[in-house]
Amino acid sequence: MVNAGNMNGSGNLMDFLDEPFPDVGTYEDFHTIDWLREKSRDTDRHRKITNKSKESIWEFIKSLLDAWSGWVVMLLIGLLAGTLAGVIDLAVDWMTDLKEGVCLSAFWYSHEQCCWTSHETTFEDRDKCPKWQKWSELLVNQSEGASAYILNYFLYILWALLFAFLAVSLVRVFAPYACGSGIPEIKTILSGFIIRGYLGKWTLLIKTVTLVLVVSSGLSLGKEGPLVHVACCCGNFFSSLFSKYSKNEGKRREVLSAAAAAGVSVAFGAPIGGVLFSLEEVSYYFPLKTLWRSFFAALVAAFTLRSINPFGNSRLVLFYVEYHTPWYMAELFPFILLGVFGGLWGTLFIRCNIAWCRRRKTTRLGKYPVLEVIAVTAITAIIAYPNPYTRRSTSELISELFNDCGALESSQLCDYINDPNMTRPVDDIPDRPAGLGVYMAMWQLALALVFKIIITIFTFGMKIPSGLFIPSMAVGAIAGRIVGIGVEQLAYHHHDWIIFRNWCRPGADCVTPGLYAMVGAAACLGGVTRMTVSLVVIMFELTGGLEYIVPLMAAAVTSKWVADAFGKEGIYEAHIHLNGYPFLDVKDEFTHRTLATDVMRPRRGEAPLSVLTQDSMTVEDVETLIKETDYNGFPVVVSKDSERLIGFAQRRELILAIKNARQRQDGVVSNSIVYFTEEPPEVPANSPHPLKLRRILNLSPFTVTDHTPMETVVDIFRKLGLRQCLVTRSGRLLGIITKKDVLRHMAQMANQDPESIMFN
């Protein structure tokens with residue numbers, strides 16, 4: 001027996017792994033990253049840069065560039081996200097109006113832009129101008145009558161179907177990951193899961209284009225959720241340009257958290273709300289440094305959108321409002337009632353939508369995504385056109401519902417009976433009796449409410465980009481406006497009642513129906529998503545209604561309490577579970593009294609754990625083990641008899657190490673000994689060179705004892721972001737617990753199907 005280290009030239013050959021080789025440290029698709037290892041690698045990289053920076057001026061400059069690269073990435077994300085959001089807003093505005101008519105002076109103008117440039121437009125008829133013609137006027141030279149109505153109706157449906165067909169075809173052919181909201185998947189990715197291509201360049205391009213098409217088609221969906229996905233695609237693209245982020249999945253996720261904040265910032269014109277949304281709703285790991293960078297990215301994105309000014313009102317959003325009357329304590333009761341409605345609507349929507357999506361996944365319906373989109377679009381367009389409140393875009397509808405009725409408003413909702421003797425300032429109009437137009441609008445809104453509630457259930461989750469924020473807000477805003485008008489008329493006709501006597505005198509402007517719409521919108525959005533703090537901040541940034549923060553808080557908290565009474569899951573968590581993603585929610589509580597030994601594998605009656613030994617297996621043995629199993633990694637023990645734990649080796653890195661060794665190192669053959677120790681084992685003089693793989697060995701894998709409570713194990717997995725932990729007793733390996741095992745055990749304890757967790 002001789003020591004292999006004394007063989008001629010063998011030292012360099014065995015230690016070739018001391019130099020890093022390609023793809024080490026990367027992960028396979030649909031696998032979870034190792035947060036601890038990523039953190040450790042970044043610390044090592046930072047330490048090397050700091051040490052090198054003292055050697056020369058050039059190295060010092062490189063260290064400064066490395067430190068500033070994070071802020072540069074944030075700047076680029078903000079600029080691109082803001083630009084894309086502005087372009088999407090402008091394109092949606094034009095294409096939505098294209099369904100009804102065209103501008104003769106410049107076909108790329110929307111209805112509003114066309115009438116801005118017209119000199120013949122009067123203030124009373126500001127929506128009518130000679131340059132803008134409906135399709136019936138253009139094609140048959142008729143603007144009124146049954147034939148004109150039918151032609152406009154037919155072309156409205158035709159345009160909607162064309163937009164929807166184009167969108168679903170582009171998604172299906174070029175970027176299947178561009179469908180849906182994107183937020184459930186982004187939450188899962190930020191928790192450490194790998195979905196290759198989900199944030200790719202094709203997904204970014206197709207999602208941006210199809211988002212314009214689907215919103216313009218008039219379907220009951222919004223662009224706000226998908227804009228978060230678009231911003232995260234921008235973040236992924238720019239992080240791939242800097243090795244600091246492209247080679248470290250943990251650091252990349254810090255960039256994606258900030259990108260999500262920028263997405264909400266441009267979606268709602270709410271930079272602070274965007275940061276809070278990222279912190280509260282989507283991010284898994286959110287250090288203080290990421291908070292600052294998120295704020296900067298959100299600021300740049302909002303500034304860029306403001307520079308583009310897509311709505312032409314110098315505001316970041318379409319529905320900026322200013323109310324002229326304060327709210328009163330007695331109004332808290334209807335606000336809380338709207339909160340209850342929001343919670344009930346959220347529960348109803350989540351249960352019905354998940355049931356429909358499950359049916360789509362498990363039946364033949366899922367095989368015909370194009371047909372489904374066409375059918376839902378046709379039904380939506382046919383029912384929506386006759387009702388003026390469903391015909392227009394949902395954002396415009398919300399804007400009108402939020403509006404206070406001023407003296408210059410021409411909306412049907414503001415058709416009150418005016419007192420001819422009224423002499424008051426324009427912005428302080430007293431409560432008045434409702435006119436015929438208001439009663440007609442109430443009926444139309446009631447029908448719109450029923451339609452929106454039903455159609456949104458079937459629309460969200462189809463194979464097209466679909467956001468949920470705007471449809472949820474629309475449902476709440478309609479309900480809120482109806483309640484607001486009801487309270488307003490009650491206060492007007494019964495101002496002597498005890499609840500109105502103290503604050504609502506005759507001739508006073510007491511109740512603002514638009515405020516009720518705003519509170520209802522917040523309540524419904526909170527009921528569906530279970531957001532609280534970020535929701536309130538987004539709403540007051542969205543509307544500029546800082547004075548009304550207490551009603552918004554009351555409605556948001558009530559809606560969350562009511563919805564939580566029926567189930568803790570928001571819509572995004574429900575879709576994560578439906579898709580079987582390995583997402584360990586911070587909000588989930590585990591209170592069962594099970595132990596690590598109850599969950600670890602192997603269980604009784606199962607084959608023993610597949611392990612590697614530190615210096616007694618050949619390359620062929622390792623390759624056979626890899627081929628016959630599909631585990632993500634293998635514990636390394638002293639020997640199969642002692643089972644004393646040494647460390648843990650990742651499957652992917654074993655494959656790459658052996659492949660590279662065969663290519664770069666002479667003498668490595670199938671019967672070469674593989675060893676994980678510092679010193680090579682003693683082998684016969686005529687045996688082939690051994691292969692040293694110590695570099696890829698994790699010498700400090702996370703371990704727990706077999707009697708550790710599962711409550712503690714779940715907490716460890718959640719807070720440290722582990723992929724797996726090993727179970728030992730007195731240093732002897734007993735088994736392994738993976739993230740998938742933890743999630744399956746939690747599902748089993750909650751009487752759910754453990755097989756629904758499909759990925760590790």
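Backbone N, Cα and C atoms are what each Cβ position is placed from, and that goes for glycine too.
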Suppose you had to name the range TrEMBL annotates as transmembrane segment; which of 195-215, 300-320 would you pick?
195-215
With contact taken as 3 or more Cβ pairs under 8 angstroms (pairs 6 or more apart in sequence), are the transmembrane segment (368-385) and the transmembrane segment (441-461) in contact?
yes
Contacting positions for the transmembrane segment (227-243) when only residues 6+ beyond its ends and CB under 8 Å are counted:
69, 72-73, 76-77, 80-81, 84-85, 88, 181-183, 185-186, 189, 199-201, 203-204, 207-208, 211, 251-252, 255-256, 258-260, 262-264, 266-267, 282, 301, 465, 467
What parts of the chain pack near the transmembrane segment (332-356), using Cβ distances under 8 Å and only residues at least 6 beyond its ends?
453, 456-458, 460-461, 472, 475-476, 479-480, 483-484, 487, 516, 519-520, 522-530, 551, 554-567, 569-571, 574-575, 578
